[in-house]
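To keep things clear, I will list the structure first and then write my remarks on it.
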């Protein structure tokens, strides 16, 4: 088990798709910070000589609202979340289809068991998604803390997205914003690594890399659109896994349930395909 896992992990770090995903994520982080600097400078100018009443209106942008998963309006943050299901799948989740279509899988299965190959493929696929999300969010935090003031969130300024008790973990955000950001970042890491299992499952069933690559992003937005249309936006996966919380009235159990559902579907389908397909070797 260990040799095949190390080999698959080595393949991940040798794939250009992994670094393309990181580069795209880093581009959005840089775009957001550069686009926010003029607003920061303008706010600081307005604060000079402003009265106590006016200062609430000129509250400078803070690291706790300019972090890429907290920003609401800037197109960089919107586009980042839009393409994130694609970025986490691109590095590794479609490699089963590549191995099968190239015949590489036959070579692998002469040196290790089918079970070990599937388990290693599954684990490294999840790791690839987690690394993409985690590294990009760490880079975003580094940039924002280097450029933006660490001003605590204040609901009265109306500049922070989580500005009322109707939002999940409102008290945590306003009392310990770094813990809130860390916690939501971990949730995103887990959820989006789960999406890689869906792509891996499709890859093992259809063996078409392009279809497997697009399946998670199509599923996320199709399901979210359907839920929005029937008045259940607080279940929409493209909304509730955003730390800026564009919708209200959802619970930790709803987040956990959707994460478990994604992992369950991807895991069951992928490992069932192992039992169905006996024509590889």
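Numbers here mean position along the shown chain, with the first residue as 1.
The backbone N, Cα and C atoms fix where each Cβ goes, glycine too.
Nobody curates TrEMBL annotations by hand; they come from automatic prediction.
Annotation source TrEMBL lists transmembrane segment at 20-41 (among others). Residues 60-61, 66, 68, 71, 74, 76-77, 79-80, 83, 87-88, 90-91, 132, 135-136, 139-140, 143-144, 147-149 of the same chain, all 6+ positions outside the transmembrane segment (20-41), place their C-beta atoms under 8 angstroms from a C-beta of that stretch.
Same-chain residues lying 6 or more positions outside the transmembrane segment (79-97) and placing a CB less than 8 Å from one of its CB atoms are 11-12, 15, 17-18, 20-21, 24-25, 28-29, 32, 68-69, 105, 121, 124-125, 128-129, 131-133, 136, 192-193, 195-197, 199-200, 203-204, 206-209, 212-214, 216-217, 220, 238, 242. Positions annotated as transmembrane segment by TrEMBL: 79-97 (among others).
Residues or ranges marked as transmembrane segment by TrEMBL: 118-143 (among others).
Here TrEMBL flags 178-203 (among others) as transmembrane segment.
Within its own chain, the transmembrane segment (210-230) is flanked in space by residues 83, 85-86, 88-90, 93-94, 97, 195-196, 198-200, 202-203, 236-239, which lie at least six positions past its ends and keep a Cβ under 8 Å from the stretch. Residues or ranges marked as transmembrane segment in TrEMBL: 210-230 (among others).
Per TrEMBL, transmembrane segment is recorded for 250-272 (among others).
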